[in-house]
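Accompanying notes for the structure given below.
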Amino acid sequence: MKFTSRPAAAIMSLSLAAAVLAGCTEQAGGEDTAAGSSSCESKDVRLVGQVRNESNPYEASWLAGGDAFAQSVGLKQERLTYDGDSTKQQEQISQILAGNTKCLVMNVLPNGDADTPPIVKGADQAGAYLVTQWNKPADLKPADHKTWLSHITYNGIESGQQIGDALSEAIGGNGGIIALQGVLDTAAAKDRFAGLEASLKKNTGVKLLDQQTANFSRAEALTVTKTLLTKHGDNVKGIWAANDDMALGALEALQQAGKAGKVAVVGIDAVPDAVSAVQGGTMTATVSSDGTWQGGIGLAIGYCVATGKLKVEDIAADNRAFFAKQFLITKSNAAEFAAPKTNPSDFECANVFNRVAGPLT
Amino acid sequence: MSVPALEVRGLVKHYPGVKALDGVDLVVRQHEVLGLAGENGAGKSTLLKALVGLVTPDAGEIYVRGEPVRLRSVVEAAGHGIGMVFQEQSLVPNLTAAENIVLGSEGAAVRRGLYRWDTMRRLAQEQLDKIGSHIDPLARTDSLSFADRQMVEIAKVLRIEQRSQHPPVVILDEPTSVLESKEIETLFAQIRRLREFASVIFVSHRLDEVLDVCDRVAVLRGGQSVGEVTTEGAVPRELHRMMIGSTGSDDHYHENAAVAVSSEQPRLSVRGLSGATFKDIDLDVAAGEIVGIVGVHGSGREDVCRALFGAEPTTAGEVRMDGKRIDLTSTRAACAAGIGYVPAERKTEGMVGPMSVADNMTLTKQKARCTGPFVAPGKQAGLVDRWIERLSIRTPGRDTAIGRLSGGNQQKVVLARWLVGGDIRLLLLDHPTRGLDIGARSEVYRLMRELAATGVATVLLADSLEEAIGMADRILVMTDGRVATEVACPNGGKPSPLDLVKEMV
Amino acid sequence: MSTPVAMKPAAEPATAKSTARPAARLTGFMPLIALVVLVAALTVADPDFLTQRSLTAASRTAAPLIVLAAGATLVVLCGGIDLSIAALASLSTVLLALWLPDLGGLATPVVILAAATIGAVQGVAHVLLRIPSFIVTLGGMSVLSAVALVVSGAGTVRVVDDTPVAWLDLYLGGYVPMSAAMALLVVALIALVLKVTPLQSWVSATGYSESAARLAGTPVDLVKIGAFCVSGACAGFAAVMLVSRQFSGGPTMADNLLLPAVAAIVVGGTAITGGHGSVWRSLAGALVVTLLRVGLPIVGVPSAYEQILYGAIIVVAVALTLDGSKVSIIK
Amino acid sequence: MTNEVVAAPRRSSRRGASFRDAGPPVALVVIFAVFAALSPQFRSVENVQNIVDAAAVLAVVTCGITFVLMMGSIDLSAAGVMGASALTVSLLVANNRNDNDFGLLGILVAVLLGCAFGCLSGLALVLLKVPSFMATLGVSAVGLGVATLMFAGVQPNITDAMLESWAVERFLGFSYLTWIAVACIVVGWLIQRYTRLGRYAFAIGGAEEVLTLSGVKVKPYKVAVFTLAGAFYGLGGVMVTSQLGAGLVQAGDGYDFSAITAAVVGGTLLTGGRGGILHSAVGVVLVMVLTNGLVQVGVSPYWQGGVEGLIVVAAVAAAVIPQRRRNQVVK
């Protein structure tokens, strides 16, 4: 097959080279749709929710929350998933931003800290309203940007510490534990582990025997836990996992090693399985992070700003990057969290910052 | 006379642009060995393929024992008792001999998809016994010698008896082309044994063999039957005439074009060359000289040839070209030293089938078609067209894929590859005429003579002893990896094949 | 001439498909047709898709994949396969991100050179140790990933000052993304170099029949090493593009591009067995794959159906573009 | 000329073949000995149990892939098929999503689903003439899509006592899953040795065209081999579900390349026609010993993949070097 004859190829490459040499280059985009200048009709707003995949419960509930909010305002959420692939996430974002961005609202879960800057930059240029959650580099602040409305996260240090404390209490303040880390390149994983370290400082009787990453994955947690259990044997009294999926994987490993019930396990996220495990007593504690709410709230903030019901300038600086409220779930209060509950009133423009626990530190 | 085992009437097969079969008639009687002769392109292959159901004829009838049949697949052909031993061996190398023998007609050896190894072994043993072979049926096929594999192949074909109640018709397509004379004799003995209970169609381009083993020979030319000969008392020349439509040239090997060889410094001088399969080879070839190397399968002559081209590692010895020592560490080095090699396996090693005639011709001597580092299309076109004309290569054009040419023309392109650079000093020819018909052979011989006349030294591993004797000025006989003896072979004083065979065993 | 025999021009028609000329030409253009059909389908699904900005974004997205696929196409043409390209590109993003602060603009050529060297090393291992390229590059893939993890400390390396690679984020004439133009340039350059030098016939000969090529004195080993080297260099360049786009380098950043790159090559119609194909085909293939990767979710195909469609379309596209007459046995 | 020569009875050189096949087991013993010497934890009984238990799923998947590799094809569909089968089984046995409680029947359906996907790969190869590399890649994507559809946002947790017990209960010190894997290996070996399907798969890898010439219809066998492989992947998905207690879309992540690695390390050639189930079993154990041993002796997790990659290359190089020839074709 020949797409081009040799002369054609030569001409093409020559003209390309000429174009480069002539330096007729410029920045593209960014020239249209100055954000916030005019408010949009409700029906013109385009709601986009982007998470890693639809095949884990937490992110599935996120998308469900987004759908619920979109329905409440008579719109439809465009659901995007990028399979935990940073490249694919950027590709999707840039494709979305290449479409009509006039009233575009994006509620994005960046794959890692480093994936946030290009998303922010793209949204800035296109004038799309953006709410990010969980991951961002510390030096990048929504307050410095016009259409990056807010960054929402949970205080990982706090939750890491809370479950750390709960774990040491469960093992009687004395003994060895192992830690399962999340994807190392995420603020969530780092903060939560920092919380564990803080907790360890406080509970001096507890010793961290080993820590390995299981990448937030249930299957990886299973194998890692099995190996660590053979390595450390009965010294393991407790397992600290940076999320519930890994905690559930660890539970399976314990069961297969015949140690179910003998080793305390804690996690974070309060996915339904974990909550019922806490309720049933096989797991010690977890911390609520409400995926359904997260999926809705990002879109709600963007929607309010896009329709002019909320002015960017009016958002308090503390609300541009904040920790959302979270709760430690133990056997005593697990029943309350057994059924996920979204309160439609949470998404009203006056209430969107109701769950702010404090500014990002 | 009883009903013919197989009869073909008016078979026609068209290919785009070619009429491969143009009304062929053929009769195979029961218990006879029928030779099938014809030049390449005469329609032999197509006819055979039609007989085993690989080709569906456009018109004509095939009768098996008087009954008209339609053969749409190998299985159907086998059902009628027709089976074929293919030109390239068709055995699965990583299965046992037994499995190969029963392949496709396992019968009792496989029940509901399950193997019964004992039954299989027994069935295979029966087949091997029929042809008097002593191979272990459970040996892996790739651990057998070439000749043994040929036996397995024949044993396999005879399995068609299992699919048909009648005496089988066995087709042997060029079974001898890669066998050495000893193995050929064994094969012929088996063929004569086959005649006791089967009919055989035997195809070979070696007419002496055809006359030797067959009862009758049918000749094809241009897709038509042109007659048949009873072998008793027939001579090859008679067959030649029928095949090509006129008397063949008396001077088949162009012996009168042979040049006198100067005996000064040899062009190629090999001393003590040793490798895995050969040892202490001494060899001198003068400019313009053609040296033949003969030997049975396993004598190591092919490996010597490849070693001289840097395609086979050597452990000791030195090679000089025109007195200058050269290191044959790679085929590149050999090319650079002015050595050219025409491999025996043309289709897999000699040419790159899907590439064009021009690309194949200029593959080695890239300089000849380039200006600086770049290919000069004009230069290439001129060069290639010149050689196409000079060697009378029949091709629709220089951009035609070489795989579409006939064998003879392919071989000429392969030869031309070494000539386009104009710097060839030594040619290593490994069975350069294998699978070529008489006309094409003759042209290759003429070309060899012409090259010799320009001073190119040639090492020839001939297809047959006759060819070696006809072409060579000198013949080395190799046995077991060593040079056993050297036989002078001047015009007018040629040795007889028997003289050579004595030395070979 | 000593023989009066009139030989038939083609005694045994090699393929018996010589009449299939128009059809063959059609298969030749199949990658392009597939591309057009896909764009049309996406446009029907979402009319907004066929806008200049959207196509610009798509071409920018496709750039790294095009470069990766173009490099690997050479290896495939030689009859091998390079599974290490994605891991090598990931490693290169890390190296680039690490070196940018110190080397500035020089970091780009240095990284490309390093990647080319790594590619060449794999080529040498393949050629000298006689290990199938699948295995060499599979091993290379894990080794390079490990190195990337260690070098980066298993985290993403952010590029604070991206000016040395920012030029790739510019737009030619305001419309054509520089990265896409560069990708096109890479493809054109490879195609041109192949075309005007003996390399084309060396590469094809090696791919179609390595032993025949070797016995014709073709520098088979060098050609193969060269192919791996170019493949590595392309992986390095793709990494530069990724860094300019993401402002960071990560040890797994490009890993997910491996299968799309191979898919691009095959969808383009290049025979995975070697010999037959071209980098232009891979360009078309890369565009098809990119549209599938990015286009399907954008026009609103739910994630589950997106995967099903992706799988089905890739298979169908390969079925359409593969020239069956050139390959006898398909494994 | 010469008299008829009676060919001397030839014993097969099967001894040579077995010497060639001895490489991987020897390597296994050596590597095991080295780790055992380095780490006391490694040589503990629990750890050996752990290694063998951890090998169970990979062994089953590798059984399937071995048949495909023996044919000279390749299969990358394991990840998708396992995901789909994991979701299927978790929704059919007693679980928290619905009231199904089909028990063994559910497992059977999941395995049959695996068969169906395998069959799909085979049909794409045979009917559409898509190279298996791409066909299975496409089927894998379809499998993942189907799995995601079934997942529907809520993790199905199994409560089926029998399926849960597979991973927990032990017999003679090994979990039921391990015994299932052993059974699979035995069944696989019987298929390979005593059925037409197995022998033909082997023969297709050796010389496919010969089978056709012998009147064997190759295509149905190819489809059947992929179907068989799919069944093993389906079972693998069920086993992962049993291990995790839940149906995960990602159940088969990484098993495709791991299984190929294990098969290749065990001595199965990617070109087909050599190797077999027992080879692969050795390869699986070798890979698992390596993975576990590296953790036990404290090699950084980042390097583990790299070391594995190097060892794979070394293993193949060691197997290849004794048979090297100057003009050998290595793709």
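Heads up, the Cβ atoms here are built off N, Cα and C, so glycines get one too.
Caution: TrEMBL annotation is automatic and unverified by curators.
From a predicted model like this one, the values you see are computed outputs, not experimental measurements.
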Exercise. Looking at the ranges C:86-104, C:257-275, which is given as transmembrane segment in TrEMBL?
Worked result: C:257-275
Exercise. Between the transmembrane segment (C:257-275) and the transmembrane segment (C:26-45), do 3 or more CB pairs sit under 8 angstroms, pairs being 6 or more residues apart?
Worked result: yes
For this session: Taking the transmembrane segment (C:257-275) as the first stretch and the transmembrane segment (C:57-76) as the second, find out whether 3 or more Cβ pairs fall under 8 Å, excluding pairs closer than 6 in sequence.
Result: yes
Problem set entry | the transmembrane segment (C:175-194) and the transmembrane segment (C:106-128) contact flag, 3+ Cβ pairs under 8 angstroms | no
Exercise. When each of C:57-76, C:106-128, C:282-301 is checked against the transmembrane segment (C:222-245) for Cβ pairs under 8 Å, which one has the most?
Worked result: C:106-128
Exercise. Is the number of Cβ-Cβ pairs under 8 Å between the transmembrane segment (C:282-301) and the transmembrane segment (C:57-76) three or more, considering only pairs separated by 6 or more positions?
Worked result: yes
Problem set entry | Outside the transmembrane segment (C:106-128), six or more residues from its ends: residues with CB under 8 Å to it | 80, 82, 84, 88-89, 91-92, 95-96, 99-100, 136-137, 140, 144, 164-165, 221, 224-233, 235-237, 239-240
Exercise. What residues in the same chain, six or more past the boundaries of the transmembrane segment (C:57-76), come closer than 8 Å to it by Cβ-Cβ distance?
Worked result: 82, 85-86, 89, 133, 176-177, 179-180, 182-184, 186-187, 190, 203, 207, 224, 226-228, 230-235, 237-239, 241-242, 245, 254, 257, 260-262, 264-265, 268, 270-272, 274, 277-279, 281-283, 285-287, 289-291, 294-295
